[in-house]
Amino acid sequence: MDDNKKNYITSDELKKHNKPDDLWLSIQGKVYNVTDWAKIHPGGDIPLLNLAGQDVTDAFIAFHPGTAWKHLDKYFTGYHLEDFQVSEVSRDYRNLATQFAKSGLFEKKGHGVIYSLCFVFLLFSACIYGVLCSDSFLIHMLSGGLLGFAWIQVTYMGHDSGHYQIMSTRGYNKFAQILTGNCLTGISIAWWKWTHNAHHVACNSLDFDPDLQHLPVFAVSSNLFQSLTSQFYKRQLTFDSLARFFVSYQHFTFYPVMVVARVNLYLQTFLLLFSNRKVPDRALNILGILVFWTWFPLLLSCLPNWNERVLFILASFCVTSIQHIQFCLNHFAANVYVGAPKGNDWFEKQTSGTIDISCSSKMDWFFGGLQFQLEHHLFPRLPRCQLRNISPLVQELCKKHNLPYRSLSFFEANKWTLNTLRSAALEARDFSSPVPKNLVWEAFNTHG
């Protein structure tokens, strides 16, 4: 590098610094060495590793408040990106984010937390009262349904607390995370952060997004028939005869599996917390899980017999399956891709990989704001009460740049998802055809 360019590097040179022990990123054209920071990054190291060696300005803006910028200087390498460019889409996205920040939308959280806490308290109280104070089988089953509904609302609160501070201090916010995630639902907030941050950064990447890696049970694309390597789990997503059998009938098994999907979340929680992987606040997470596995079995023990206990659990799981289905509707039928996420097409990837669920404003509480999936993915720190307000602006930006904005009714979204699963199922049954034919089919059927 000659003297008059000693403060600049090219994008190609930046790409070379994409390893855990040599991790550089560019933000607004300035190059930072975040190798050491990745080890203590609050969002985990995976988002940084997935975007290593690139300009990540849009992702940085999406996930960080304005106060985060001042912490970058200590990691500045002294280099600027020589060929730094900003696309018109990114420029408009950043202007919109700036507009929201100046309007104070990220701080205007409304009274949703208080309302949610009161609602959850009422649901849990009604559930416990029904179990302890009634001998009626129907009341017991209704109580199980109320518990499932409480878990749905608690999950929305945990999701909010993971993306932005819902309490007055960071300490209280962490307490809210452990309470809503670990203590009340039995699902670790550490596990959620680990997978959810990776999902947001690599939205609908078949090999980088863990939320699409459900083999041997589900496959949303025939690309998964190639036994891709999961860059998240660091293992092969094997498409063998067992997976082919399950996938061949996935459009029939989708709803039954959603009923018992919660069991997998409990299992994933234990696998992470008792693994060798570095887990932030491991002891606190384990303590929270112990709280759940104390009160929940005690509640079940108050039911008169094992038949009612099993049916009580099933009733609660049937209700929570609505939420599991919703999460799938937001992504399963959207466009997918293979490979690492790119920092220079942030807006485009989020529009491509998400589907909104259209509903009346009176139903916002039911969907927890996540029916505005694209808006949430573009501005994950935005309180859920603001998502409906910004939706017209996001639609306008999508229209301006000829990008998809898909908003379907709950019924329509279910149809799209089932059609996607059915298409992949038929491909799986026809696996006697050579791989190239499957790839050609994929090229002509890029939807889902």
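Each Cβ is built from the backbone N, Cα and C atoms, and glycine gets one as well.
As annotated by TrEMBL, domain 'Cytochrome b5 heme-binding' applies to 6-81. According to TrEMBL, the feature transmembrane segment maps to 112-131, 137-154, 175-194, 254-274, 286-303, 310-327.
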For the transmembrane segment (137-154), which partner among 112-131, 175-194, 254-274, 310-327 gives the most CB pairs under 8 Å?
310-327
Which bits of the chain, at least 6 residues beyond where the transmembrane segment (254-274) starts or stops, bring a Cβ under 8 A of a Cβ in it?
186-188, 190-191, 194-195, 217-218, 282, 285-286, 289, 314, 317-318, 320-321, 324-325, 328, 417-418, 421
Take the transmembrane segment (175-194) and find every residue of the same chain, 6 or more past its ends, with a Cβ under 8 Å from one of its Cβ atoms.
43-44, 46, 120, 124, 150-151, 154-155, 157-159, 161-162, 166-167, 265-266, 268-269, 272-273, 279-282, 284-285, 287-289, 291-293, 296
Residue counts in helix (H, G, I), strand (E, B) and coil for the domain 'Cytochrome b5 heme-binding' (6-81), per DSSP?
29 helix, 21 strand, 26 coil
